[in-house]
């Protein structure tokens, strides 16, 4: 300390930055504004806000302030790398990293400091795990995964068990850190088999969090117990099992929670899911209804869904093997605890006893759920048993005692259930395999101090004292080992040892011993125990007595003083629960409950001590003498905790520990908010500052010799640089710069510095740079001034020269301008005079013109007025004459109307008389009968005609069938006669004919084009005529349609009238009896039938007259108007009445049986329809058969003519069939009409035969009779008389059917007209469009020049001809395809005949193969096929695949095995042996898979078989016979196509196999390149000049670095490896496209690994690394261009790394720089850009850091991006591979097989 103060005094001068204490921020930055001399009492400072401050220094005031580190060291990953190691430097470094860079992890020696961000960060994904896996601890940024990887690596290397100790106060993130560490082990060391042990280990976390975590005021998910999880590994370092130990569960939380806190999560999860069917019997409701869950007054946690968490807990139980029965048992116990808390205990009047209310529902539920006796539990909850040597007493308990006993029972049950679950989890995670090593993860509570501290806080702080002692010893041990390894003289470092404080707690007669002793005393109290502490421990330095209290004591821990309240210590230490209650639970019917308490005596003490006197004591006879209590009964909670803690310490001491210290940055749980006071408290408590103090006491700064040389070589002399030994150079430099030899020590590989020495060296280095900069600036400024002077002098000379030249040119210009001015004056004067003359002449001509025009217009106006007067006179005279004529015509019409009305009335009366006569009705009926007979005859004639047509069709079908048979026979004869040669000749002839036909088609096309051009002008001429004619035809059609509509309306009115009359007739049915009211209404309406047809016609005529005259004129005729009004009312009344009768009549008609004629006609119609369908199907089949035959024999003209003839006959027959179909439909309508008519006649006859049909009664209702009288008729008539023979109904039916037929015809005609009109409109639109297009073409053509017109017309013609040619070509191709198909079928059939003949003959003996396959000559008859025998197939596969080495065929054709295999497949196809093809291909595929599985790490073998597999696939495609793959084949290759088999399925299998081999190739290549990428891209010094400015002085923390040299891979090695990959693939004949895809994938892997390391390493995020990286990328791009792979997409894949390198190099200061970065880094996500900016580290003090405001500016600009929230690149992403079809130019017959392959058993065919 003295040496450090002296050194500080030396450095305390003006502008030095220091730290001073601050009551709010703990430490505050300041700057010295005046040099300080030793002994001065005041230090003059200036704060950061420019406020001056006088800082007093002295023995009684303050010591010298701490010095601040250089800015270049601020934000370091490791706190021990700081030059000045002290509390403010540590606090500031953590704050900068946390708030500005958002880095939550920081190293502090061997400790990882983790600050809770209170926010979800994307830094724990699988990509991050993969990035940290296999890396050294000091190479990557601080992370919990780095600590886990360090533990995993040391376990594998040293074969020593490891431990990760995670500590911190509640809410600091201990549980999450431990969870992530276990996730890392589960991912990296996954189980070797399918047991999924790692998933079970992770599944234990939700269970333990549910039963052991709760919400506190500091943390929403606080662990209320400590746990140590041992993850077991086998010799291969795969997880095989795990084990968990728990410590000090906070049982008091089960029965009590402070305000705004909750009980354990499982209670609320179960209550939230109480509505589920399986939990109905638990009788649970909301958590607010239970005392044990509602004391905190808030049962919810923001952002947490208890029901969803409960489902996760149940899933975890299931995954760990807890069956549904055990789960149900656990939930029953939890529910019973809640019910037990709601049991109400009432006090008696005396206050010394109590009772429970009868029928307490919660007690009943408690007993029911646990299966215990209700009466016994009710009794022993209010009583207790006292046992003495002679008697046993049953004593009443007060209400408070009973409540305490109830709560103790609840805590006891929960604690036992917790232990049972932990034990079950351990059983599930246990393995029978032998455990080789383990890694333990300790998640334990940190140092705690509250306003009121009790027994729990005492135990927690006791555990932390033990852990801190172990931590201090381990740190001291590591320091000692480091010094000894470097052979530095060891000096004892005085570090804090907290053994005295531990002795106060656990030594003999310490706090725990006195507490256990007091618990044994029958009447021991907390006050007595506290007094004993004061008496025994008052002399200890670590124990104090409070001034104002006698019931508390103070222990001075390593972190702080803590005052503990003695109340409750004894009770919590005893953990008392009454034996009677436990015995009841032991006798439970519920098996799990009984099992929990089988060994309860071993776990806690049962209270048997006597208590104070009571007023009520029941004395009973003594039972047999009780057993002497076991010693285990007297174990207290403190004793148990001390034993378990001792076991834990032994375990930790036997392992290599790794420390994680979790820090809670604030109490408000705000994201990335840092409170210095809270952080300092925790840093002091967790031992981080102690680590700093130990490091600072020795030599904290340590540099390797190369790093020191590179960093500080600027301080060396030129003569020193020539020395080759860098150690000697460094030694000479330090001895020169630092005079005190104690400030540094030289080790074997490192130089050790005292605290502050690095800062001193940095100051010297900065001074050297500053002086060098000044010198450079001086020289550069002088050079700039000289250059500026020379430029000015040269400019002056040039100005003088140009000025003189300019003066001379200006004088010459003046002379030219003077001469030009004279010429301008002369010309101007001449133009001015001529302009005046022309102006005067133009004025005279204008005046004359206007004068003559005025006179002419005046004469024209007078003539126009006379003409208008004559026109007015003519129109007036005509109008007067027309008006006179209209008046005379209207008068004549009026007279005619009156006369005609009179005559019409007379005729109406006459017609009424005639209508009453029966003779008239008979005439009508006679006409209908004649028409029915005519229709029947017509139907018969049409039926006969249809039969005749059917017979003709049958005859035609028979003739066609015979013709087809004849053609088939001729075809077979032709095939049998013709051979292969004649067949080829016929095909050539057919081809010539097709070509001739194509030529004729072209000629005909040209003729049509000429005709089209001639008709073009004609169409343009008739365009307007067509439009005009179309409009006229539309008008005409519209008029006809209106007329048809009018006639249709008249028919409808007539039909409605007749229908009403028919309904009226049907009303009087036989047997119908009416009452008086009904009879009167019918008789009153009986006048209606007197309306005759003539009257209705008169009414229609009246309506028509009204329409013609108009409403105004018709209103003048009152009689007509009243008649129409009366008629409308009566029709409306009768319509309603007759509608009901119509429905009844239709029901009766439907019930009648059809007549025999109707049945006969219906059957006949059905028979005709079935016959028509049959004929139609025959015709379709016949047409199809003929078409097929015609296509097969398209070369025969005779067959073609026959085919055309048959088609014509079929079309004619089809048209005739359609006509017959329409006639059948008409006949069907007529048959139905006749049937209805006959049925109505029959009904009418039956009606007339009934004697009750009389209706001669008079109307009774006078009013109705008067209304009928004033109607359109004058007399009433008897309808019964008129309808006595049923003639009227029959006539009505006939008219009704006729009306329906007419209506149908009218509708069909209307539809026909509408269709024609739509067709006309469509045709007109098409003509319009055609004309418009042609008009546009014509206009466009006319606008062009003559040459362009010719060219445009020729181009149009060429386009049209091209389209026609394409259509014809497509037709020809279809015909050729059909021809090839038929020929192929013919060949197959021809080959099957000899095969069938050969199969009947005996198998030939195997001939001797004497031909030498190594003869290098081409056989004349060799067709590129290789024959082998079936028994040689295994040998073939073994030789070509299994035993094949790539170098064996390196000097031959690439992919030779693939060609040989295909040639064997060709021969099997040639001999039509499907079994041989199937067997060979299957064996080949399986053999390739076995070879690749055997050589799964051999790149050369994988590349070789990828090339051969893809080549075999290409051969199967190239020679498949498919047109798509034959476009690039030669004629010979087309002859070698497969003849018999379609191997498309095998092609798909080979394609899938190729993809698998490709993926294996990528995997092998990436595995080989993985260790090279980071070293080559980020660490190798491709540009040596940059090495001097690389900050390399940081300490390698990881002990895993021991014995391992740094990666020595360079960029040249990586490029050499890529070149080797590419050359191997090229030698094996792999397609260049596939090789390009491989390189593309490898470049993606290089990009991903490089970028991920860049994002996780702060030491490489600098300007020099960006330049180095950009140079490396340019070298790789150059390699791609050299290999012609720049178009493969590989450059695009490394674009993110290119942009990251550019980001490291660009300026990062202004808003323009931010805009440039946003536009530059398009391939990087916002998270990646921000991460790189946060990690950016300046190389020296001349470079500025990236400010927080600049980073925020970048974030705001990138908010609109739709980037995936991704930080690291997915290293496992694989691009989809595409195997393009690449045919081979090699002819199979030219292929030679080398003799070294030993394929003598293959025969060339």
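Heads up, the Cβ atoms here are built off N, Cα and C, so glycines get one too.
Note: TrEMBL annotation is automatic and uncurated.
Bear in mind that the values here come from a model prediction, so they are computed numbers and not experimental data.
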Would you please say which range out of 576-598, 645-667, 668-690 has the annotation region 'Actin-binding' in TrEMBL? 645-667
Of the ranges 601-636, 709-744, 745-780, which one does TrEMBL flag as region 'Disordered'? 601-636
Which of these ranges is annotated region 'Disordered' in TrEMBL: 969-1000, 1001-1032, 1033-1064, 1065-1096? 1065-1096
Chain residues outside the region 'Actin-binding' (645-667) and at least six past its termini with a C-beta under 8 angstroms from it: 94, 98, 108, 110-116, 118, 144, 147, 150-151, 154, 158, 160-174, 177, 181, 218, 228, 245, 247, 440, 442, 446, 462-463, 466-467, 470-471, 474, 673-675, 678-679, 682-683, 686-688
Counting across all protein chains shown, how many other Cβ atoms sit within 10 Å of the Cβ of residue 174 (ATP binding site)? 27
Specify the count of other C-beta atoms within 10 Å of the C-beta of residue 168 (ATP binding site). 27
What number of additional C-beta atoms lies within 10 angstroms of the C-beta atom of residue 170 (ATP binding site)? 19
Averaged pLDDT, computed only over the residues in the domain 'Myosin N-terminal SH3-like' (13-65): 83
Please spell out the DSSP helix, strand and coil residue counts for the domain 'Myosin N-terminal SH3-like' (13-65). 0 helix, 24 strand, 29 coil
CB-centroid shell, 8 A cutoff, ATP site 168, 169, 170, 171, 172, 173, 174, 175, site residues removed: 116, 219, 222, 223, 446, 662, 664
Let's see if you can do this one: DSSP helix, strand and coil counts over the region 'Actin-binding' (645-667), in that order. 9 helix, 8 strand, 6 coil
Close in space but at least six residues away in sequence, with Cβ under 8 Å from that of residue 169 (ATP binding site), the same-chain residues are 218, 445, 446, 447, 448, 662, 664, 682, 685
Number of other Cβ atoms within 10 Å of the Cβ of residue 173 (ATP binding site) across all protein chains: 24
Near residue 175 (ATP binding site), which residues of its chain come within a Cβ-Cβ distance under 8 Å, counting only those 6 or more away in sequence? 209, 213, 221, 223, 443
What is the total of other Cβ atoms whose distance to the Cβ of residue 172 (ATP binding site) is within 10 Å? 25
